[in-house]
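Annotated features in Swiss-Prot:
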COMPBIAS  1-19  compositional bias 'Basic and acidic residues'
REGION    1-42  region 'Disordered'
BINDING   ASN42, LEU44, GLY69, GLU90, ASP115, ALA131  S-adenosyl-L-methionine binding site
REGION    282-381  region 'Disordered'
COMPBIAS  301-358  compositional bias 'Basic and acidic residues'
COMPBIAS  359-381  compositional bias 'Gly residues'
Amino acid sequence: MSSSDEQPRPRRRNQDRQHPNQNRPVLGRTERDRNRRQFGQNFLRDRKTIARIAETAELRPDLPVLEAGPGEGLLTRELADRARQVTSYEIDPRLAKSLREKLSGHPNIEVVNADFLTAEPPPEPFAFVGAIPYGITSAIVDWCLEAPTIETATMVTQLEFARKRTGDYGRWSRLTVMTWPLFEWEFVEKVDRRLFKPVPKVDSAIMRLRRRAEPLLEGAALERYESMVELCFTGVGGNIQASLLRKYPRRRVEAALDHAGVGGGAVVAYVRPEQWLRLFERLDQKNEPRGGQPQRGRRTGGRDHGDRRTGGQDRGDRRTGGRDHRDRQASGHGDRRSSGRNRDDGRTGEREQGDQGGRRGPSGGGRTGGRPGRRGGPGQR
């Protein structure tokens, strides 16, 4: 695992993170009712589903686990039977006290009465598991993606959230595409709302994030990939081709779309993550921005680049021979018009040069910290 200083984007400070309802006054007849409303407490009671969550996490005896929102402790016990150490963060003081009493017979369980979003990830590899409150799902996903030593994150979320993030609708979110070189996103299965108490208004799902053993992109290449994805998800242009043409030459864009099997009129949300990587493979020319100069000595658009810089003087001298001054002026005027067209051709030629050389494909490496490329905090994206 890579160290935290390899992360291009620093983690937010602990004091910047907290449960959104922590300090909000909530009405209720009893403290229990108020806490359930304030902290979004819907407890999963189905033991079969609980066992399925623990199984999906694929825990190892040597791997510590962090859990958010243990509730009544049913999942916590299941995790403790499979992991070396389980640290459960419960923000509700009443529940935290009850859990410590219930789980006192499990020496490898630690109950922490604190907001999970303020926790620091352990320095060693670990797994995250939790049936998390719907209201802080995005914040917890962000926390997991930014944790430099996390291996997997298995969580119960709203069904809609899980489907949007894992492409279950055939659409992909910006967050998923941005982090795909570092993490796999997997929709595991639906969880019926009737398995919770109190029964929520919507169904849930088990979703898993798994850090790739070898990143598909890393370092500067990852940053350029994120920049490309960000460009397309801005909503400017109306389709993926129009968005890409804001930065990349037309011929290279057309070749990249063909290489990835993506139609020019495609909406970005319908482009699969692996297609984004194939697009990047063809588009990535870090040393040749749009409108840049081609390499010396390369012929561009049928004209030598040096000829364009001279404005056609040498050609004019050779072509006019013994013509009088008026003929040379007329010939020069014609050459200037032609030179203007050739400059346009030259830009096309630069695109052709960029397509022919310097292609960079997805590369493996040792980096696992990775910049997840998220913008913003809580709130579904």
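Keep in mind that glycine also has a Cβ here, set from the backbone N, Cα and C atoms.
Values in this document were obtained by computation on a predicted structure and should not be read as measured data.
Sequence features, as recorded in Swiss-Prot, placed on the structure.
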| residue | record | DSSP (3 states) |
| --- | --- | --- |
| ASN42 | S-adenosyl-L-methionine binding site | coil |
| GLY69 | S-adenosyl-L-methionine binding site | coil |
| GLU90 | S-adenosyl-L-methionine binding site | coil |
| ASP115 | S-adenosyl-L-methionine binding site | coil |
| ALA131 | S-adenosyl-L-methionine binding site | strand |
Residue with minimal Cβ packing [other Cβ atoms within 10 Å] among the binding-site residues GLU90, ASP115: ASP115
Nonlocal residues around ALA131 (S-adenosyl-L-methionine binding site), in sequence order (Cβ under 8 Å, 6 or more apart): LEU44, ILE53, GLY69, GLY71, LEU75, MET155, VAL156, SER204
LEU44 (S-adenosyl-L-methionine binding site) CB neighbourhood, other CB atoms within 10 A: 19
Protein Cβ atoms within 10 Å of GLY69 (S-adenosyl-L-methionine binding site), excluding its own: 26
Around the Cβ of ASN42 (S-adenosyl-L-methionine binding site), the count of other Cβ atoms that are within 10 Å: 21
